[in-house]
Structure formats: C-alpha cells, structure tokens
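Undergrad: Sharing a structure with you now.
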Amino acid sequence: MPSAKSSDLSPTKTNLESTTKQKVSVQDIFLYIPNLIGYLRIITAIISFLCMANHPVATLIFYGISGFLDAFDGYAARKFNQGTRFGAVLDMVTDRCATSSLIVYLGVLYPQYTVFWQILVSLDLSSHYMHMYAMLSAGSTSHKNVDETQSKLLSLYYNNRLVLFFVCLINELFYMAVYLHYYKFFWLGTVMLVASTPIWLFKQIANIIQLKNASLILARMDAHDHSKRD
C-alpha cells in the first residue's frame, strides 16, 4: 500500500494560521486597551465638569489628566496593534466634547464674550467634523493622513505626533488659563494665558485651514460626480 505524502498528513501553514487565529468580537473591540484609556478620559473629563463651579484646582487636575491621557491611547493602539475606527472617532469626539464643554463654562464666567466663545466652539466642531468627513470620503484610512500637497501646515500638524500633542495640549492650557484667571490664580492663570496665546492662535489658524481644505475636497468630489452625470 503506498504511503501517504507528508504534505497530505500535516496541515499547511495557512491552515495552522487559520485555526490559531481567534475571531474578534464587538465586545473585544470595546475592551481594547486604547479604548479603555478613552473611557477613562471621558470619566475624568466629566469629573472636571462637576468641579468647575467651586473647585478650580480639582478641575485643573482632572481636566489635565483627561488631556494627558490623550497621548497614550494612540501609543497603545500602535504598540498592541489595536487601532480601530471606533477608537479613532472616540478620541476625536472626546477631544471636541471636552474642549467645547470648557469653553461653554467660560461663557458662564465671561458672559460679555459670549459671541466670541460661540465662534470658537463652532470653528472647532465644524473644522474637525468636515475635515474627518472629507478625508474619509476621499478614501483615506485616517483623518490624520494629510500630505503636503493639501497643506504644509496641516501636514506638519497631523503627521508629526510631537507637534500634534503639544499644540493640542497648549491649546487646552489656554482655555484652562482663562478659567483659572477668573479665580485669581495669577501664576497658573495670567502667566499661563500669556505663554499659551501664540500656540492657541496657531491652532485656530490650523482649524480655519482645515475647514477650507475640507470644503475644497468635498466640492471637488461633488464637481466630479456631477460632471459624470452630465
């Protein structure tokens, strides 16, 4: 009786890989390490909101923790290969909600500048939403994949993780400094406000540019689609 070939008796490498790979469930995605960090960011941000009216130091601590953790969710996603669409959106939504909530409270403390705060919230939300929507609609896997042909400033802002982290951090420090200034914290308030203003201005310019670029991307796609119809 002829002997069976060894290739017939042993599973192939592909079969071994397929049997060892585990199916990732929806619950697994929610429990990925970067997403757990995202939930912790949300919790600490909410605690800071609860402290804003009467406990400025506690607000600074918890809001600071929420912002500082922003540096670690992306790192964890890369280190453990746990980058997800849900995590990317959770990260951006948390950033936008935290910043907007702080600015809203600044409107309570400084009602004479209400229109100014409204414009800042509108610019922040609209520019980031339109940028993300435009990039994903254009086929990009991430809203952070910006090349120099679109904008050198945005390319530097999104592709250099150090620049992105520090610009976002100092932008948040500006709003926190305005908050602390109301409570007469001179060194933490007024001095930090003056020091952070240039980077805050840079961030607003970046928001305007990404709003403009996103509008152009969407308009070009619309023009292409309508040209094909005609």
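Cβ coordinates come from backbone N, Cα and C, glycine included.
Here the structure is a predicted model, which means the values were calculated and not measured.
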Undergrad: Can you match one of Asp28, Asp91 to the Mg(2+) 1 site that Swiss-Prot gives for Asp70, Asp73?
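TA: Between Asp28, Asp91, Swiss-Prot records just one in the Mg(2+) 1 site with Asp70, Asp73, namely Asp91.
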Undergrad: Compare the topological domain names that Swiss-Prot gives for Asn54 and for Arg229, and report whether both residues sit on the same side of the membrane.
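TA: No - Swiss-Prot names a different topological domain for Asn54 than for Arg229.
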Undergrad: Can you grab the distance from Asp91 (Mg(2+) 2 binding site) over to Gly74 (CDP-1,2-diacyl-sn-glycerol binding site)? Cα atoms, rounded to a whole Å.
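TA: With distance taken Cα to Cα, Gly74 (CDP-1,2-diacyl-sn-glycerol binding site) is 9 Å from Asp91 (Mg(2+) 2 binding site).
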Undergrad: Write out, in the order they occur in the sequence, the residues of the chain not among Asp70, Asp91, Asp95 that have a C-beta within 8 Å of the mean position of the C-beta atoms of the recorded Mg(2+) 2 site.
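TA: Same chain, not in Asp70, Asp91, Asp95, Cβ within 8 Å: Gly38, Arg41, Asp73, Met92, Thr94, Cys168.
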Undergrad: With pairs closer than 6 in sequence left out, are the transmembrane segment (113-133) and the transmembrane segment (58-77) joined by 3 or more CB pairs under 8 Å?
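TA: Between the transmembrane segment (113-133) and the transmembrane segment (58-77), which are separate recorded stretches, there is no contact, as judged by 3 or more close Cβ pairs.
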Undergrad: Over the span of the topological domain 'Lumenal' (52-57), count residues by DSSP class, listing helix, strand and coil in order.
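TA: Secondary-structure breakdown of the topological domain 'Lumenal' (52-57): 2 helix, 0 strand, 4 coil.
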Undergrad: Below 8 angstroms Cβ to Cβ, which residues of this chain, lying six or more residues outside the topological domain 'Lumenal' (52-57), approach it?
TA: 102, 105, 179-180, 183, 185
